[in-house]
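Features as listed in TrEMBL:
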type	residues	note
DOMAIN	39-289	domain 'G-protein coupled receptors family 1 profile'
TRANSMEM	23-48	transmembrane segment
TRANSMEM	60-84	transmembrane segment
TRANSMEM	96-118	transmembrane segment
TRANSMEM	139-161	transmembrane segment
TRANSMEM	198-216	transmembrane segment
TRANSMEM	237-256	transmembrane segment
TRANSMEM	268-291	transmembrane segment
Amino acid sequence: MENTSQTTSFKLVAYVELNYLRYLYFAIVFMIYATIIIINAIIIGIVCTDKSLHEPMYIFMINLLINDVVGGTSLCPSILVYLLSDSSEISREYCLVQIFWLYVYGGCEFVMLAVIGYDRHLSICYPLYYNSIMHSRRVSNLIVFSWIFPLSLVSISVTLVSQVQLCGNIIENIYCDNYCLNKIACSDMTHIITFDTLLIFIISVPQIFMLLYSYAKILQICLRASRESQKRALSTCTPHLVTLLNYFIGVIFQIIQSSFNMTQVPIVIHSIFSVYFLIIPPLLNPIVYGLKMQQIKLRIIKLLMDK
């Protein structure tokens, strides 16, 4: 399909309604983004510099946190710029770049969570064979897969979207996404909608089955184990379960805003629904892992005492 669209930029109209309190919103977003960068950097730095933490569980965790930084960075800086700017226009090229990184973040996040669930399954259900199963080559392969697999699928999706003819330039959100562009498209979107549906299926369904299988096996082992072993298993799995719950809450918010008419919803509530998926997991995940994983918690306390 030829790209015959004359639309070279879009207006993010949500910023117009947020303008009356833009300095307050700027301060809030700035503090959130700064916190995301600082706390994720602390956890990543601790794991990278402490050789005793160079284990699969922690390596998978820092990849998740690196992806969280990608997610926060793909959104927060642009929000800060538009809150201080008199213009809320975004170029078509930057809009596509933003879509690319937002979707890469969402896809990688879920694949990485599935990989962490698989790792917890092996460590609890096969402790004697864990090191031989989760060897360095397998860890590397899982990490590469968790990045390359979503990135490749998202690249195809964004390439298809870039060729769509658009008949409008109004985006009723604070950032670009495929749903917003679909609303202003004047060419046939069937092939893109079909591919995006297939993309969601490929990324989500196998990972959901992996997570369900992993925790079914963990539950089976725990029911036969001693109370002390059950407590250790729960302590090991709690950060991952909290992170999963937070991820699915964000997904539900995204589904709500894309499936229902949000024009009657106050713009602040609509914006919270929009950014939850991209801000709260990057903010909450390092806190959960830092507080719940004893070895990291002890190193944070030691770091604070040394300071």
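From the backbone N, Cα and C atoms, a Cβ is placed for every residue, glycine too.
Distant neighbours of the transmembrane segment (23-48): 54, 58-59, 61-62, 65-66, 68-69, 72, 76-77, 79-80, 83-84, 279, 282-283, 285-287, 289-290, 296, 299-300, 303; these residues of the same chain sit at least 6 beyond its ends, with a Cβ under 8 Å from one of its Cβ atoms. The stretch from 96-118, 139-161, 198-216, 268-291 that makes the most Cβ contacts under 8 Å with the transmembrane segment (237-256) is 268-291. Same-chain residues lying 6+ beyond the ends of the transmembrane segment (139-161) with a Cβ under 8 Å from its Cβ atoms: 56, 59-60, 63, 96, 99-100, 103-104, 106-108, 111-112, 115, 118, 178, 181, 191-192, 195-196, 199, 202-203. If you look at the transmembrane segment (198-216), the same-chain residues 6 or more away from its ends with a CB under 8 A from one of its CBs are 107, 110-111, 113-114, 117-118, 120-121, 149-150, 153-154, 156-157, 237, 244.
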